[in-house]
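Chemist: Below you will find the structure I want to go over with you.
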Amino acid sequence: MQTFSLWLSITLYPHWMLLSWTFKSLLQPVSLSRWLAQRGVMDLSAVVSHLNAFAPPALAESWDNVGLLVEPTPPHMVQKLLLTNDLTEDVLEEAVGMGAEMVLSYHPPIFKALKRLTCGNWKERLMVKALEKRIAIYSPHTAYDALSKGVNDWLGRATGPCVSLPLRASLSLSHPGGNAHVLEFSCGLSESVLSRVKSLQGVCLRTFQVSEEGEKRTRVRLSCSQKALQQTLSILTEDPCVYRSVELLTLQKPPLLDTGMGRLCTLTEPVSLATALERIKTHVGLNHLRLGIGRGKTLESSVSTVAVCAGSGSSVLSGVPADLYLTGEMSHHDVLDAVAEGRSVVLCEHSNSERGYLKELRVQLEERLKGKVQVVVSQTDRDPLQVV
């Protein structure tokens, strides 16, 4: 009997401990996000938060349509995310086939407003099927263009080691405290009037002593929001003498030195135009490029500066002093202008100037998502144009 009891204890002990641990785990408060993360899956809202932190949508151009574009009914869990340059019907079929719960499409599949969702138009069909299959869609577009180590920095490395700077720097995303104006004036206001100014929402006020014409005077400096500016000025007009002393400064957001549209790349070592072309082909994975040779230049001409803009580069590159323009596409007349100014132009078609970045992006996003979401680059995504 003692032998049987000992055997029973040894046999059941591990199971009892496991059961005990399970009940203890159930009793301990664990957040849903932590529970999901431990199991290699992440809630869509958490994924979007990580993506927005990686490249804030505020970096995008004002005309762009970025961020979460299609959201299945919550809760929506993401275990696999498909990266693509363009979301086509073939790419969406690929996403469905691999069981992806989310697609990150560099170009926004919703750009112009959709007035209906039917199956008569391919873009509308995309949205219908994405919702039916519960696939979320996110697009960063020009936020990734501006991003440091983003699309344009990837393209800027095409011709070799270089130092690059944005052609048009992005501005800081917000003012400290959200105030955009500074007012300064000589203090001659009564305490009651000054108290009214202080009580305005969106106003931060301080006083300091200055010497004016040999006399010490009190000056008031206040920062305020756009809304509070009108209210402050209205109060100050009650004392014409004070109002005449008002100095107004509109604050400008400081530039972000490594963030912005396009890049001007200064090569560590100048190369010939011919060498630059071969390097670009290797970098973007193409056998053929379109080339416009600058007036007075040849394939042996030296290239030391390259202005790049992924996608359609006309508006960003126009007038930039560089030996070579590298972009996806430019209008005929913009190419004529550049060539006439002695600048060579290389065109590799719109999405070919962007797609190669997706391989680097995959690594960056897996790190950002802490390996909890599998990130896959599309195999069916390709430029709609080819050289035949």
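We count from 1, first residue shown onward.
Keep in mind that glycine also has a Cβ here, set from the backbone N, Cα and C atoms.
Whatever TrEMBL says is automated annotation, not expert-curated.
Look at TrEMBL and you will find 1-32 tagged as signal peptide. The divalent metal cation binding site annotation in TrEMBL covers H107, D145, H350, E354.
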Chemist: Which of H107, H350 (the binding-site residues) has the most other Cβ atoms within 10 Å?
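Modeler: Its Cβ has the most other Cβ atoms within 10 Å: H350.
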Chemist: When you measure from the Cβ of E354 (divalent metal cation binding site), which residues in the chain that are at least 6 apart have a Cβ under 8 Å away?
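Modeler: Spatial neighbours, sequence-distant, of E354 (divalent metal cation binding site): N85, Y106, V151, L155, A310, G311, G328.
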Chemist: I want to check the contact list for D145 (divalent metal cation binding site): same chain, sequence separation of six or more, C-beta distance under 8 angstroms. What comes out?
Modeler: V151, N152, M261, A310, G311
Chemist: Please list, in sequence order, every residue of the chain apart from H107, D145, H350, E354 whose Cβ lies within 8 Å of the Cβ centroid of the divalent metal cation site.
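Modeler: What remains near the Cβ centre is N85, Y106, H141, V151, A310, G311, G328, S351, S353.
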